[in-house]
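Visitor: Handing you a structure now.
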Amino acid sequence: MQEALPLSFALLAGTGHAFEADHLIAVSTLVARHDHRRDAVREGLFWGLGHTTTLVVFGGALLLSRSIITHTNYFEAAVGVLLLVLGLSRLTDKSYYQTAPPRYRRGTAYAVGLVHGLAGSGALVLLLMGSLRSAWLGVAYLALFGLGSVVGMLGATGLMSVPFTQRMRFSRNLRAGLVIVSALLSIGYGGWMIYGNLR
């Protein structure tokens, strides 16, 4: 019973995890590409699914094999590279993303979530190994944590999409300014993550 106690907090912890800075910045570059909140929230859903996939598959494999990854900073640096690419692409592409097939847009959001899940799984698995004796309980925790991140990102994208959808119809300058800000934040934070994890 005591070992199962952390499971009750997994969903809440995952929801809060979705609001970490690197997650929000990455998703903001995707949200800024849409004129409709529904499309933005859909991308938040696929980000969460990608994030959960890596947590459960990669993190679960580590738990079941009792393996430990010590150099998780390389995964964090990979997220930094991802943020750089997202920010630069947002500044350079004009309308391709909006006109690209929905499958492409969903795939991009899913891939971004996959990378973020990889970055966070190592430290989370190490924590679970120290607090849970059963590897399968750890896998269940990862699944609930991932579900919470999906819920959290749905809420985050819904909130972030407001200035990029309703108001942008009345002010193209506002839209352009917000797009540039989100792109520069992504580039700056990505560079900071790379520097901080590889120095």
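Even glycines carry a Cβ here, placed using N, Cα and C.
Okay, these came from TrEMBL:
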- 45-65: transmembrane segment (TRANSMEM)
- 72-89: transmembrane segment (TRANSMEM)
- 109-128: transmembrane segment (TRANSMEM)
- 135-156: transmembrane segment (TRANSMEM)
- 176-195: transmembrane segment (TRANSMEM)
Visitor: Where, among 45-65, 72-89, 135-156, do we find the most CB pairs under 8 A to the transmembrane segment (176-195)?
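Guide: Highest pair count goes to 72-89.
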Visitor: For the transmembrane segment (45-65), name the stretch out of 72-89, 109-128, 135-156 with the most CB-CB pairs under 8 Å.
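Guide: Ranking 72-89, 109-128, 135-156 by Cβ pairs under 8 Å to the transmembrane segment (45-65) puts 109-128 first.
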Visitor: Do any residues of this chain, six or more beyond the ends of the transmembrane segment (109-128), have a C-beta under 8 angstroms from a C-beta of it, and if so which?
Guide: 6, 17, 22-23, 26-27, 30, 43-44, 46-55, 58-59, 62-63, 68-69, 72, 75-76, 78-79, 82, 86, 138, 141-142, 145-146
